[in-house]
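Notes follow the structure.
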Amino acid sequence: MATTPSSVPQEADVEILFNYLGKRYEDAYLDSPNLQDFVRNAISTLAPHSQVLDVGCGTGKPVADMVARAGHSVHGIDIAEEMVGIARGQVHGSEACPATFEKADMRTYMPLSPGAIDAVFAVYSLFQISPSDTYSMVFRFGEWLRPGGVLVLGFTPSSVLVEGQGTYDPLWDCVREVEKPWMTRVTKETLLSEERWRKVLEQAGFRVEVERSFRFVPKDEQHKPEEVHSLIQARKMEVDSLCGPFPLPDKHVVLSDLDQRAWMALQHRIVIEEWQDPILGPTAEDQRILGLGGGLRAFLTASQVSGKEATQSLLAYPRNLPFAENEFDAVYSFMALDTVPNLQTALSELARVTDLSSPTASITIVQAAPDNEVTRLLNTLSLPLNSESESGQQYSSHQGYLLHLAKKVLSECGFGSISLHRVRAKYPFPGHDPVFEAAEAVAAPWFCGGKNLAEAKKALAPHLRNLFIEHPGVLKNDLAMLVARPTQN
């Protein structure tokens, strides 16, 4: 619990701040007819007995309370235990449609049934997370919602800022580190423009349906500035948010071959977060495994599969796999499709060498998630990749396009039981100069041997400094894992 604030506002830790505020926050912000009308209209679009998630639920009022009173199940999460306790005491559902609450950080939270939630409300709860996390959360909302599900966002747009407030971040197209006095503390906030919110929602597979902005004055003796509040209601239109960002391109852009030594040095750094469910399925002792791209070891370690190695391994993807038909029980492709000139042929080759009749038959394809920080960094570079020529290819391979096509081709080859999963991963850079270390590690696979390596490292450095403010010495490297098994008859 925070101590009584002094007359000089102090920068606030989010959890401490909202534990300190508790009921006072509700008293200041509850009486908002515009918000309540918007929430009521959004609730009216839901089917009876819907499953609703309230992200950053606070004291449960007004959102969770309105959802419960409308006859829906609601689960609220909040980082502040004090807020969660108040919500449990004053928001009540029914036996058929319960209202439940838990202390959780939205950035690491995973619903019990992802992909089955009917609506997500995140009303005024995304201010105090980083630009990277803000972008990522919208994609994760898409992963949690069923197709056609509803997302409601509440925010203050960056258009209200005056010159000198915050710092523009070109990596995420937002304003970061906006310091402002708020409820006797000073907060640091991330703000996006209305246009940028629409774009991010589109990239995550949503269609904006309703928008509203209004002015609001909190009812608090120590905090009465007029605020601009914006609300958006959007609907999930794409089945697999992990195949984003949307819209998908029309074709695959083939990248130059990687420098294999630099690529392997980068992959040796990868750490799969331990708190996840087992990443890989069960493996037999004598299972024949083909590994492509060099990332299988980290996945086996994270899945607690000790002593297991690939039967065969290839760093680069040849035009045709030099293996017999049905030679393997399982194939793992790790970030190996970006440089393949003919995706259709390459994916068919994966199916050809995998034994459909094997009880452990599977094809696993791992590519970058749509919010992957390394991919985002590379996409900011306006330099030709790994080439002495100024006409060299820029990094524009679309990870979602690769996965989308893989679903189609593998299904046609008999591997039609397909699932997509997010894998939380990271690259740590523990040295004394993590910016230099990360710039070298990220740029070298694409630019090693070319005259643009030094320029690429220089261009990456300011973005890396910002990212390392948010998570020191770590690049988030979330992955999208497609698992294809034989079609069930």
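Note that the numbers count up from 1, one per residue, in the order the chain is shown.
From the backbone N, Cα and C atoms, a Cβ is placed for every residue, glycine too.
Annotation source TrEMBL lists domain 'Methyltransferase' at 52-149.
As annotated by TrEMBL, domain 'Methyltransferase type 11' applies to 311-354. In terms of DSSP secondary structure, the domain 'Methyltransferase type 11' (311-354) contains 10 helix, 10 strand, 24 coil.
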Spatial neighbours of the domain 'Methyltransferase type 11' (311-354) far in sequence, C-beta under 8 Å, 6+ residues away: 252, 254-258, 260, 263-264, 267, 283-284, 287-296, 299, 360-368, 397, 402, 405-406, 409-410, 413-415
Whole-number mean of pLDDT values that fall within the domain 'Methyltransferase type 11' (311-354): 91
